[in-house]
Amino acid sequence: MDLGCLRLSFVATLATFLFFHDFCACQKAAPNYSFMHNATAAQPVSYYDYIIIGGGTAGCPLAATLSQNASVLLLERGGSPYGNPNITNLGSFGAALSDLSSTSPSQRFISEDGVINSRARVLGGGSCLNAGFYTRAAPYYVREVGWDERLVNESYQWVEKVVAFEPPMRQWQSAVRDGLVEVGVLPYNGFTYDHMYGTKIGGTIFDQNGQRHTAADLLEYANPSGLTLLLHASVHKVLFRIKGKARPVAHGVVFRDATGAKHRAYLKNGPKNEIIVSAGALGSPQLLMLSGVGPADQLKAHNITVVLDQPLVGQGMSDNPMNAIFVPSPVPVEVSLIQVVGITQFGSYIEAASGENFAGGSPSPRDYGMFSPKIGQLSKVPPKQRTPEAIAEAIENMKALDDPAFRGGFILEKVMGPVSTGHLELRTRNPNDNPSVTFNYFKEPEDLQRCVQGISTIEKIIESKSFSKFKYESMSVPILVNMTASAPVNLLPRHSNASTSLEQFCRDTVMTIWHYHGGCQVGKVVDHDYKVLGVDALRVIDGSTFYYSPGTNPQATVMMLGRYMGVRILSERLASNGSK
């Protein structure tokens with residue numbers, strides 16, 4: 001296969017990271033959740049002990065826990081993940097991310113940095129869309145945050161009984177693992193959910209049949225008589241009592257169903273009853289602003305009544321930059337999502353994904369997932385020039401590639417933290433519209449240096465003896481780096497020295513790994529109990545409260561946090577009732 005063909009194939013083949021077809025297509029049976037309803041069935045006015053906004057990675061375990069001893073309303077703007085093979089089957093991974101329809105479980109957004117990204121719009125949140133890697137936060141992270149270590153461990157175990165599995169290890173992933181060890185990412189720690197320096201095999205939320213298990217599955221723990229779950233319920237604002245109050249008190253929400261009909265839900269009388277926002281790193285700060293809690297000048301510019309001037313809402317936004325090198329393989333490789341991780345001492349995480357001709361197969365041969373010429377991140381056609389004729393030409397060019405062009409895999413690195421931060425602002429008053437977000441990738445030199453060291457480590461793995469079977473002898477690392485640098489992985493301009501300067505390579509080829517966080521950080525917007533500062537009866541519990549992304553993938557910790565805070569809130573409630 002000539003180098004030109006391989007260069008062109010890179011654009012299509014990066015879809016391996018997101019679009020596989022070789023796994024079991026059997027459907028997992030949907031649970032019989034008697035408490036799950038479409039919001040169109042909701043009463044115009046209703047009352048609960050707790051109202052949770054967002055049925056995502058944190059909201060589901062939180063609702064399941066609180067329902068044991070209280071009445072809970074869980075409001076999810078998206079639909080159910082059950083019965084949707086694009087979510088449930090590993091073989092369709094990426095299809096949900098490439099769906100740009102208004103009913104998609106994924107909502108595309110492009111940061112002001114020019115990096116294409118997605119946010120979840122489905123019960124179960126990001127756990128319905130991600131690559132499935134499951135790993136805990138580091139012990140030092142738990143200590144620094146100030147969580148109770150015993151309860152953290154119990155909460156992780158509560159999650160893992162339902163959603164976590166050991167992945168199968170085959171040849172390509174094993175070669176990456178052995179390559180990491182060979183180049184010095186030590187020690188080798190085997191299979192573990194724990195976060196520790198060295199190389200390890202992590203967990204996955206895909207079971208042995210290739211079926212995804214999500215945060216929505218944690219609702220199996222719920223008390224059906226204590227929970228009401230409404231789908232397609234878009235919350236427009238949190239309502240506050242202000243008159244006669246020393247501080248604003250949250251006491252209800254306004255939401256609309258799929259027909260646009262307005263509903264109101266209020267808290268029952270009770271000192272411990274609360275509204276909890278778990279709408280994600282974009283949704284939570286956005287909803288606080290739409291409800292009048294945020295930077296006063298920004299709220300006034302959108303004609304939003306200021307309940308509390310809180311200039312730190314929407315600040316501290318971060319997204320872990322991801323950079324990857326594609327390695328074409330002279331031999332077939334297994335289809336795999338992320339299973340191995342190298343946790344380095346210098347602050348970069350090395351991971352990998354692979355597949356053989358994974359752009360082929362049904363139902364849509366070589367559609368390339370979210371990276372297709374039709375809609376995707378890696379299209380050679382700029383977004384404003386995606387005419388039907390231009391798209392058709394790009395698709396025909398990819399169809400001309402030989403099957404071997406699609407063999408291979410990616411070795412990627414994610415920067416720990418990161419240190420660089422940005423901000424989020426409202427675009428409109430519509431909660432269904434994306435806010436404007438800037439992540440400022442590599443603004444801080446420390447992040448850039450970690451990327452350079454990470455890419456350097458990937459280069460050593462590619463050249464290692466352990467990995468030699470899966471690399472063309474004629475393709476040097478500089479050729480592979482140059483191929484990667486020439487691919488349009490984002491909307492940023494290219495530079496001629498990107499293949500010779502790793503600093504420029506990192507800047508030019510930065511992508512997201514969907515681990516964005518911040519906007520409602522602890523100590524700035526919420527206190528250590530996740531109560532919103534300056535108002536009463538309102539908390540934020542999700543990844544928007546994080547300063548740094550925990551572990552190599554945050555989903556385990558976000559699910560844990562939902563359970564952890566549910567247990568704490570209930571214990572406070574029971575203690576209060578017992579003291580009466």
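Keep in mind that glycine also has a Cβ here, set from the backbone N, Cα and C atoms.
Unlike curated records, TrEMBL annotations are generated automatically.
Looking at the candidates Cys506, Cys520, TrEMBL gives Cys506 as the cysteine bonded to Cys451 by a disulfide.
In sequence order, Glu76, Gly78, Gly79, Ser80, Pro81, Ile87, Ala96, Pro105, Ser106, Cys128, Leu129 make up the list of same-chain residues 6 or more apart from Val122 (FAD binding site) whose Cβ falls under 8 Å from its Cβ.
Same-chain residues at least 6 positions away in sequence with a Cβ under 8 Å from that of Cys506 (disulfide bond) are, in sequence order, Pro321, Asn323, Phe442, Leu448, Cys451, Val452, Ile455.
Among the residues the record lists as binding FAD, namely Val122, Val235, Trp514, His515, Gly543, Pro554, Gln555, the two farthest apart have Cα atoms separated by 25 Å.
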